Amino acid sequence: MNMSEAKRVTEFILLTFPCSRDVQILLFLLFSVSYILTLMGNGAIVCAVKVDHRLHTPMYLLLANFSFLEICYINSTIPNMLTNFLSESKAISFTACFLQFYFFFSLGTAETFLLPLMAFDRYLAICQPLHYPTIMNNRLCINLVVLCWVTAFLCYPVPIYFITQLPFCGPNTIDHFVCDPGPLLALSCIPAPGIELSCSLLSSFIIFITFFFILASYTLVLRAVFHVPSGAGRRKAFSTCGSHLVVVSLFYGAIMMMYIRPNSGNPAGTQKIVTFVYSSVTPLVNPLIYSLRNKDMKAALRKIQKCTKISQD
């Protein structure tokens with residue numbers, strides 16, 4: 001097949017989780033429930049922060065943005081995956097595949113930027129309590145959040161453009177549930193070690209810089225906590241930091257396994273499991289870990305629930 005014929009590939013086949021029809025229907029039901037719970041949990045946080053003016057503080061504005069990001073994140077992959085469970089063809093167009101690639105990676109990058117920002121907020125609140133209101137005001141918080149979103153969406157257009165220019169020839173089957181660079185590069189007619197290395201280096205740079213920033217922030221936080229005279233105060237601070245570090249460990253552990261080394265080096269089964277963890281499991285558990293254990297958030301959610309009941313009556 002010559003290059004002009006290779007360029008005619010117009011769609012890819014996303015195998016998702018190859019199994020019998022009955023198992024696929026069962027997976028569809030399980031992932032549908034998980035998807036709905038994720039939307040409800042993160043949506044409740046966004047609504048609570050928007051409605052309750054007491055939560056219009058940097059900490060909760062960051063939580064609301066993080067929850068909104070998680071909603072966008074799962075919508076970049078899960079709806080198409082659910083469709084594939086019931087589809088016979090499991091096809092995705094060339095354009096749709098690379099659009100999914102772009103939004104999936106951009107939103108994932110935005111999460112790696114928001115997590116350090118949340119850690120920095122906690123550092124200021126615990127280590128610089130007297131200066132916190134003047135340093136981290138709502139205006140600065142919003143500006144930093146906008147910067148995170150804009151920067152994240154500017155990171156991958158160039159690498160993705162170069163991948164789209166590669167000649168793709170048969171087979172066009174991707175053993176994954178998302179258009180990921182590793183499987184896509186493996187389908188190219190010609191080897192592209194430069195593009196693969198560039199994607200790996202870019203991902204590694206983003207992951208390591210943000211991870212070490214989080215690590216440094218929480219190291220300073222924990223050092224400050226040890227100097228808190230009150231035992232109850234120390235337990236509360238440890239609880240907050242511990243919850244945040246669980247999310248960070250789950251998310252960063254998964255993406256480091258996937259993107260620090262060249263993607264094609266990971267077996268297909270490992271790629272799917274690890275990708276599922278950070279793209280679907282973490283958005284599901286984040287509301288429980290980050291917010292629903294918080295007293296102010298619980299109070300705001302109860303208030304919304306009461307208002308909903310009154311309006312229905």
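For all residues, glycine too, the Cβ spot is worked out from N, Cα and C.
TrEMBL lists 41-290 with the feature domain 'G-protein coupled receptors family 1 profile'.
According to TrEMBL, the transmembrane segment annotation covers 25-48 (among others). If you look at the transmembrane segment (25-48), the same-chain residues 6 or more away from its ends with a CB under 8 A from one of its CBs are 17, 19, 55, 63-64, 67-68, 70-71, 74, 78-79, 81-82, 85-86, 280, 283-284, 286-288, 290-292, 297, 300-301, 304.
Positions annotated as transmembrane segment by TrEMBL: 60-78 (among others). Long-range neighbours of the transmembrane segment (60-78) within the same chain, counting only residues 6 or more positions beyond its ends whose Cβ lies under 8 Å from a Cβ of the stretch, are 31, 35, 38-39, 41-43, 45-46, 49-50, 100, 103-104, 107-108, 110-111, 114-115, 117-118, 121, 138, 141-142, 145, 177-178, 279-280, 282-283, 286-287, 290-291, 296-297.
Counting residues 6+ beyond its ends, the transmembrane segment (98-120) has Cβ neighbours under 8 Å at 62-63, 65-66, 69-70, 72-73, 76-77, 80, 92, 144-145, 148-149, 151-153, 155-157, 160, 163-164, 178-181, 184, 206-207, 210, 213-214, 217-218, 221, 244, 247-248, 251-252, 255, 278-279 in the same chain. Annotation comment: TrEMBL describes 98-120 (among others) as transmembrane segment.
Residues or ranges marked as transmembrane segment by TrEMBL: 140-163 (among others).
As annotated by TrEMBL, transmembrane segment applies to 201-226 (among others). Note on the transmembrane segment (201-226): residues 109, 112-113, 115-116, 119-120, 122-123, 126-127, 155-156, 159, 234, 237-238, 241, 244-245, 248, 252, 255-256, 259-260 of its chain, located 6 or more positions outside it, place their CB under 8 angstroms from a CB of the stretch.
What TrEMBL records for 238-261 (among others) is transmembrane segment.
For 273-292 (among others), the entry in TrEMBL reads transmembrane segment. When Cβ-Cβ distances below 8 Å are used as the criterion, the transmembrane segment (273-292) is approached by residues 31, 34, 37-38, 41-42, 44-45, 63, 66-67, 70-71, 73-74, 77-78, 104, 108, 176-178, 180, 243-244, 246-247, 250-251, 254-255, 257-258, 266, 298, 301 of the same chain, each at least six residues removed from its ends.
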>> Checking distant contacts: for the transmembrane segment (140-163), what same-chain residues at least six beyond its ends satisfy Cβ-Cβ under 8 A?
In response: 58, 61-62, 65, 98, 101-102, 105-107, 109-110, 112-114, 117, 121, 181, 184-185, 192, 195, 198-199, 202, 206
> If you average the pLDDT over the domain 'G-protein coupled receptors family 1 profile' (41-290), what number do you get?
Replying inline: 86
